[in-house]
Amino acid sequence: MNASDPVDVAEIAKSKAIAHDATVNEKATYSKEATVDEMTIEPAPPQYAAVTHHNDGDDAEKKLYPNEEDMRTLRRVAGALPWTTYTVAFVELCERFSYYGTTAVFVNFIQRPLPPNSTTGALAAGADFGNDVPGALGMGQRASTGLTLFNAFWSYITPMLGAFLADQYWGRLRTIFTAIAVALVGHVILIISAVPKVMASPGGSIACFSIGLVIMGIGTGGFKSNISPLIAEQYREERPIIKVLPSGERVIVDPAATVARIYLYFYLMVNLGSLLGQISMVYAERYVGVWLSFLLPTVMYCLCPAVLFFCRKRYFLVPPTGSVYSQAFRLWRLAMKGRWSLNPVNLFKRTTNAPDFWDHVKPSRLGSEKPEWMTFDDEWVDEVRRGLKACKVFLWLPLFWLAYNQMLNNLTSQAATMRLGGVPNDVINNLNPFALIIFIPIMDRIVYPGLRRMGFNFTPVKRITAGFFVAGLSMIAATVTQYYIYKKGPCGKNANFCLEVRGEHTDISVWVQTLTYVLGGISEIFASITSLEYAFTKAPRNMRSLVQAVALFMNAFSSALGQALVGLSDDPLLVWNYGVTAILAFVGCAGFWLSSYKLDREEDELNMLPQSHYEGKEEERGV
């Protein structure tokens, strides 16, 4: 079926029945918390296609699929979430506790020297606990910014390896278990780097630290590219369904809205873990030592394999599919045949802008000329096309992540130069996850449903565009804050010199950073969460880890861009650092919308493509 043609309801229903009659063996249940609880099913009018799914040969549930008029006019609601999604979300909480709890102390560990009379990095007796800052290696802000950016880059490039192993060979759950084992090795090496006797030799400590960083990043990448598809796959309904509320209102139970809800609460658990990990480890660093800030997250991480192992028989798992990547590459190469051109304009017209680029290589179009390797169906070609469109959407995300990454390094350093009032400088960035924990339920329960009632479809493309804009606003706030730090500081534009040599802070409360972090959190709700949702809903079923990894890779690319700005990451250029980042976020906002607004119009059409029968292997449960 051509993705540009109107969706034929009968064909969709028919394909749905064929694809899933053999595998769907339970009814969707709706909790009291869901918006669609206690709903009655409206009998299908004769002009609509109804599909019956059999449940172990007993009861049958008729599902009415909406037509185009229904999709335009009926309000959309999210379905109930399976209990297994909550277990995966808890695993993510533990992993993020360990990751952010560990990385929260990186800046001080690398940048600041050991406090007087301290061997562990903690503040010792006689220190000014109101304003003094923990430290260890004393390598300066550029070194801390460079290494934290490398960590972000490495942790977001390794998901490509994890995706490859999961989609092709091991499956998601086995890959996650392996990634956890690798990451635990990295955590142990980080603990060793923070032992007082090792820290006594800064060169040896930083070498050990760097090795641990690399190994932990490999495990983190394998985990990240597979945990987010795993949680969304637990929701099995893949087509919109018409239901009737007790009030008599006909609504659409929209899988896209349900997946959006899953990722909202998935991200809430991410930030809850981040908040708990960062706050507790910052105080462990401050009062005990860096070694404890690396040890406790390692212990917390051990809960991840325990929960996954206990629930492994309950998860719905998509098996690895062998040569699906090579199949996709062969398909693209065949589609490119005769379309190459040295003229980039002609190349664009013949490929990206060509309406028949994918249609002419569908198996049904090739007929007897179909190659032997082409064992998939027309629907899989449409899914690959949709997945590549999603990857094009992600190309603008590095400019968003460039703004976000300021919270991982430079804003922590900025906080240290301000009046702390007894609050550790590296605890202030927890305002970001705190804001997310507050605003995610507000978005899910008030803002998004309110917009739907008003008839406004706040699509993923619109949400990501809004995310860019709000990220730009957050960087404007950081720019203004830095300007006044320089203006009011006792050393002018040498704020870090004042802190490190003279022990003096600019007389501006560190809580001024609240606006920057809150705006940053709202921008994440719009852009970061939605990118996870978009990667899952637009990817072919047997390439979800890969498309998710591409979305994550944009953060790695952003970290590489950030390395180009490291020269601005110190006095007296920090105003320029935040200002340039703000400008780039607004450029990303405009560029993203101009390049993606056509996809925004196709949102429902892309979500309702008939599902391919090409799975690679039979579905299975457990490992």
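Heads up, the Cβ atoms here are built off N, Cα and C, so glycines get one too.
Note that TrEMBL annotation is computational and uncurated.
Taken from TrEMBL, the feature transmembrane segment applies to 147-166, 173-192, 204-223, 262-284, 290-311, 431-451, 463-485, 549-569, 575-594.
Proximity of the transmembrane segment (463-485) to the transmembrane segment (575-594) is established through 3 or more Cβ-Cβ distances under 8 Å for residue pairs spaced 6 or more apart. The transmembrane segment (204-223) makes contact with the transmembrane segment (147-166), as judged by at least three Cβ pairs under 8 Å among residues 6 or more apart in sequence. Pairs of Cβ atoms less than 8 Å apart link the transmembrane segment (262-284) most often to 290-311, out of 147-166, 173-192, 290-311. Count of Cβ pairs under 8 Å against the transmembrane segment (549-569): among 147-166, 173-192, 290-311, the largest is for 147-166. Long-range Cβ contacts of the transmembrane segment (147-166) within its own chain (Cβ-Cβ under 8 Å, at least 6 residues beyond either end) map to 103, 106-107, 110, 172, 174-175, 178-179, 210, 213-214, 216-218, 220-226, 320, 325, 405, 408-409, 545-546, 548-550, 552-556, 558-560, 562-563, 566. Beyond its flanks by at least six residues, the transmembrane segment (173-192) meets 95, 98, 102, 162, 165-166, 198, 208-209, 211-223, 226-227, 230, 291, 294-295, 297-298, 301-302, 304-305, 308-309, 312, 315, 317, 545, 623 of its own chain at Cβ-Cβ distances under 8 Å.
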